[in-house]
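Inspection log for the structure reproduced underneath, given as structure tokens.
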């Protein structure tokens, strides 16, 4: 992995955005830190604020409150080092594939690696002379990704990148992205509402719901910090632990908890899968959020506390 | 494949190629509009050259009555004057098409379809993107407009007997000087601003020509006041110079200008006419007008006003982009 000037690719502090002076908040009080070199999944239901968060990081809109630091600087100054693919993959329909890549070269002087972009296009067997308007949705996604990767970004922001790709192309493009991340240490942030799509490739999670960050941290640490327990409903006492979700069926109590201390031996416990974890939090909007604790901030600046209470040991950025 | 492989070399990030890259991108994106504009400029110029070099001499020969017993010179130069008038109209109001292009295709479509965001997430800042989007078309439009104005002037002045529109007519007034270029540049800026504010192509396509039309209408109304008029009073009816743009004339009733005095009804013998005028209270006559020599002052003041509006619209467009993306 290449050395980096800042330990964090993204750092948000009380970030908020609303559209219009009296509009609803698309994102509110959002604080998290994403260490550089991670592949981060931004997960959440539709309309949760994922796209807003990525657009703020890309410098396409300005925050209504708080700030976001991208690669150690403001989003506008980081522009040349950040790749961004919007959800609807906008491209110029009147250009050909080759002309689109030439546009990438012209608009990214000193940052453009034509071989990377060409390789992505070639893998999709796209003719350089075909017009963008004649391409299918998946082919356009490929060209949009080629344009973003050709820039050789340090941070790649992808909004629902795989939504309209067939499974084969999805697998192949995900492989390209992971190779990019491994070879150049690129930080990748990709949003999706399909958790299974991200489980294998991502090592960091940002769960956004209702315009707030619900979970943030390394996926391993997050799943380790939680336990799926089942016990007898009559004897089990969950007090002392943070309960995300609990359900009683007959005499059986099943719950997803954040244990605070050792659990009784008679309880059956298991580590939740990422999907179980995400679904449990999304089903229970009142469950306490888990975001990285303050002492992990290596830059030395003390930031305002994020949403909810944060457990001190989890999510500490490595 | 060859088209792809010749891009191997990574360009050096010096200032010149950076600007060239964005300019090249703008030209590539609006190639069709560029070709259409070149065709329009070449077509109209060619038509004017043909009218001046081929049609005009033939017309002159037709109305040249020397040596003929009878000839009809009541409708002189229709074959020349009419098309030149129409071309003047097209040149003068070309800014409406520029406004529609700038609002719709140049900026509106980009903002609506999200390709503006694609451009803004490359390495050039949104402000530089807007600068290229305005500067490249501005150069192309100003160049084409200058050619059209020069060719139109040459045609117009080639034979004063064959044109039958006055210099003060709305279209010939604009088409014979830099105001046309100024209007086109203003339309570009206003179109860009409208599209950035409305964020939609179709509304911007409609609204920006409407705004420019209103600006033109207002300035056409104000035009006589853009330079001091000549006011003349006289004991006899004021004889205005040839080709003067007469704005007001009438009789002085007890020394005060008054409109609607039917002094023209007083005729007959001088004594009778005098008595008739005395009954009406007519003590003299007045006229307000712009002589033909006022063309350039009037034209240049209007050009300056339009350029000022263009500068304001450009500044506002940059402010909108900066405010939105910082």
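Count begins at 1; order follows the chain as displayed.
Here the Cβ of each residue, glycine as well, is placed from N, Cα and C on the backbone.
Residues B:173-194 are the range that TrEMBL records as transmembrane segment, among B:63-84, B:173-194.
As annotated in TrEMBL, transmembrane segment covers the listed stretch B:34-53 rather than the other ranges in B:34-53, B:234-253.
Using the rule of three or more Cβ pairs under 8 Å, pairs at least 6 apart in sequence, the transmembrane segment (B:173-194) is not in contact with the transmembrane segment (B:34-53). Looking at which of B:86-108, B:129-153, B:201-219 has the most CB pairs under 8 Å to the transmembrane segment (B:34-53), the answer is the stretch B:129-153.
Here the transmembrane segment (B:86-108) sits against the transmembrane segment (B:201-219); at least 3 CB pairs are under 8 Å, leaving out pairs fewer than 6 apart in sequence.
Sequence-distant contacts of the transmembrane segment (B:298-321), counting only residues of its own chain at least 6 positions beyond either end whose CB sits under 8 Å from a CB of the stretch, comprise 126-127, 129-131, 134, 173, 176-179, 182-183, 185-186, 188-190, 192-193, 196-197, 215, 219, 223, 226-227, 290.
Away from its own ends, the transmembrane segment (B:201-219) comes close to residues 93, 95-97, 99-100, 102-105, 107-109, 111-113, 183, 186-187, 190-191, 194-195, 302, 305-306, 309 of its chain (Cβ-Cβ under 8 Å, at least six residues beyond either end).
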